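Record features, source TrEMBL:
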- 95: active site, nucleophile (ACT_SITE)
- 186: active site, charge relay system (ACT_SITE)
- 188: active site, charge relay system (ACT_SITE)
- 63, 64, 65, 122, 150, 151: L-glutamine binding site (BINDING)
Ligand code: GLN
C-alpha cells in the first residue's frame, strides 16, 4: 500500500504523500535531507528525471549554480524540474538554488530554471564580504531568522507575482511565488528549522 510508483506527476495532499526531493547533483543536499527527516518527511535524493515522480516538493540546494546548471542540462533535470514546477510542483531554491530559480542574471550566461520573475545578482554580496550572518526580519515570522550567507546572491529586481519576504537593505534575500520559495542564505546550516517548516506548510501544503 505504501508504494506509489504509478503516480504520474505531482503529488497531491489528499494522497498523503510526504516525500520531498532534494536535488543531489552537487552542493549541500545532505543537510537539507537531514532536516526534512527530522521533520517527519522522507527525503528523496534527485539525480534523474524519474526521481521527480510523486514528490510533494523539491529543494534545489546551495553549491555552485554554474556546475549544478550544467549537470541539470546533461541529466535532463533542467526541463524535468521546469515541467514539475509548471504542473504545480513546489520548489525551494537556497543560495545557488535561488540563482537557478531566477528568470535572468546580471552576470554571464548560465543555464537557469527561470521559474521566478526576477533579476538575480550572482555572488551579489561576494565582493564585499565572502560570508556573513545577519538577523533577518522575515514576513510571517514572529522572531528574526539568522541568515547564513556564503557568496550569496540577491534579487536586484522582482516582477509581478513575486512576494518579497525579506531584504538586506534594498536587496531581496527571500521571496516566494505561488509554488516557489527562494532564500539567498542557508537555513540548512543552522538549527533553526522554521524555513523548512514554512516550505512544507505554506508551499507544499503538507
Ligand atoms: N555564488 C554561488 C553560485 O552562484 C552560490 C553560493 C552558495 O550556494 N553558497 O552558485
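Just so you know, glycine gets a Cβ as well, placed from its N, Cα and C.
Feature annotations (TrEMBL) mapped to structure.
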residue	record	DSSP (3 states)
63	L-glutamine binding site	coil
95	active site, nucleophile	coil
122	L-glutamine binding site	coil
150	L-glutamine binding site	strand
186	active site, charge relay system	coil
- Note on the structure: For the recorded positions listed (151, 186), most other Cβ atoms within 10 Å of the Cβ sits at 186
- Message: Using only C-alpha positions, which one of 64, 95, 151 is spatially nearest residue 188 (active site, charge relay system)? These are the recorded positions in the record.
- Response: 95
- Just name the most isolated of the recorded positions 64, 65, 122, 188, going by other Cβ atoms within 10 Å of its Cβ. 64
- Taking only the Cα atoms, work out how far residue 186 (active site, charge relay system) lies from residue 122 (L-glutamine binding site), in Å, as a whole number. 15
- Task: Name, in the order they occur in the sequence, the residues of the same chain whose CB lies under 8 A from the CB of residue 63 (L-glutamine binding site) and which sit 6 or more residues away.
- Result: 26, 27, 28, 95, 96
- Note on the structure: residue 150 (L-glutamine binding site), Cβ-centred 10 Å count of other Cβ atoms over all protein chains shown, is 17
- Task: Would you list the other residues of this chain near L-glutamine - those whose C-beta lies within 8 angstroms of the C-beta centroid of 63, 64, 65, 122, 150, 151 - in sequence order?
- Result: 27, 62, 95, 96, 99, 123, 153
- Task: Report the largest Cα to Cα distance, in Å and rounded to a whole number, among the residues 63, 64, 65, 122, 150, 151 that the record lists as binding L-glutamine.
- Result: 13
